[in-house]
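This report concerns only the one structure given below.
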């Protein structure tokens, strides 16, 4: 826009700024804000919301103080910002300022103010806010009422919370959930269960995952596993049985009730796990005693879970628990333990566990080598590899380990070492070759990548999909259109490999870099399957190079049909307009 001399209106600037904020791009949002010749309240609200959402409350407050005019959104944004960042006292101070300013409070204002008072544990302030809500006629609003009963619950005033709940004329799942949670948090477990039954009898209110989780916590607190089993069946019938939050609460309920076998079954049936689910099953095992329900698959999976969420402390607990069982020396479990420590950044612990192993297999060596690579200790990998070869386990022929080393050196930019490691392999295969080609391609050495493919490919070994993808990426990086087209046709005609969408995306990128945008569009439209947003985004980005606005508009339209909230399409299209000097026409 700046290059083309186009001066956007305040409305256009506000739209762009809100888009930057949604993308957490505060640098460009602030540049746009600073460059605006005219700002309105929406302009200020957008940047305040952005900075508050990123925790930059000092900047947000400074901009708020500079506002010539503030509306209710301005006040709510700054109060919410302080609340989200745990500064409850400052949130209440701004709420008091708002009351003195004369701006009309809305239900959002009351909700955030009540949360702030609950965070302070100051029921006296909460009662005053309650009185103000009554005076303004908002107390019967379900949104405000839910915030009120939640505030009273967090201040341990369950009876007041229940009174507010009964006064809400039309309750929704939020108000029911808040009231049931209040009972559970304050050890009114039977009352919570009774409210759940009342909600079911009322009808018209759907059950949420948070309500189920609260109910299962109540059953756990009462050691009522039979009742919990009934609720479990109810959750399955309402399609919440596989939800990670509901599943975690269910297995925790069974574990706390002593039914570790049922907890184990639920844990294994869950499609995905989080920190709470792993913690619940581990604590459940520990509570039920050594050896009950344990097997190497469960323990290995638990270590993998800790690795995926990088939860070192939980991994340490699991390690200690494992050492009390017969699985403390199980090679599969210990391998998972090394992998967990490596991915959590605990290289010392990973090395200690590895050194204490009585028996090591190929996976053990691979895990410790990968741990060193992941934690920036690449210099240790070659000595480890040499040490590994000294053992009479024929590990030197393990393709996965060799390929890992080739890949590790490639990722570190040590391409000569990567190629040397490949040459030293007694048995070369496509896995290592693909790692080497990919390394050269990713570091901008496309011609070298193609040379490796042609010269170092093992005899009688056909390239696979990964090989061709690396070759196409190398061609795209260097703009080698003819070579890329040759590989694209060869994989289909000679090797009978049908290209998937990422291969077409590489070809679109290659055609675009070669100035053939129309051919790139034709390739997309001729694909045997529907194009996704990624490939349309690739096409849109290359339109900027040759100024083809018509194709850019088509690509942007397709992106927005597939992903309506994707702001990058607007940015790329704006860039195409600016480069084509068309701001005055749009």
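From the backbone N, Cα and C atoms, a Cβ is placed for every residue, glycine too.
Whatever TrEMBL says is automated annotation, not expert-curated.
According to TrEMBL, the protein has these features:
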- 40-70: repeat 'PPR' (REPEAT)
- 71-105: repeat 'PPR' (REPEAT)
- 141-175: repeat 'PPR' (REPEAT)
- 243-277: repeat 'PPR' (REPEAT)
- 330-364: repeat 'PPR' (REPEAT)
- 429-463: repeat 'PPR' (REPEAT)
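Same-chain residues lying 6 or more positions outside the repeat 'PPR' (71-105) and placing a CB less than 8 Å from one of its CB atoms are 41, 44-45, 48-49, 51-53, 55, 57, 60-61, 64, 112-113, 115-117, 119-120, 122, 125, 132, 136. Across the repeat 'PPR' (330-364), DSSP helix (H, G, I), strand (E, B) and coil residues number 25 helix, 0 strand, 10 coil. Same-chain residues lying 6+ beyond the ends of the repeat 'PPR' (40-70) with a Cβ under 8 Å from its Cβ atoms: 10, 13-14, 17-18, 20-21, 24, 26, 29-30, 33, 77-78, 80-82, 84-85, 87, 90, 101, 103.
Residue counts for the repeat 'PPR' (71-105) under DSSP, helix first, then strand, then coil, are 27 helix, 0 strand, 8 coil. When DSSP labels each residue, the repeat 'PPR' (40-70) comes out as 23 helix, 0 strand, 8 coil, counted as helix, strand and coil in that order. Mean model confidence of the repeat 'PPR' (141-175) amounts to 86 (pLDDT, 0 to 100 scale).
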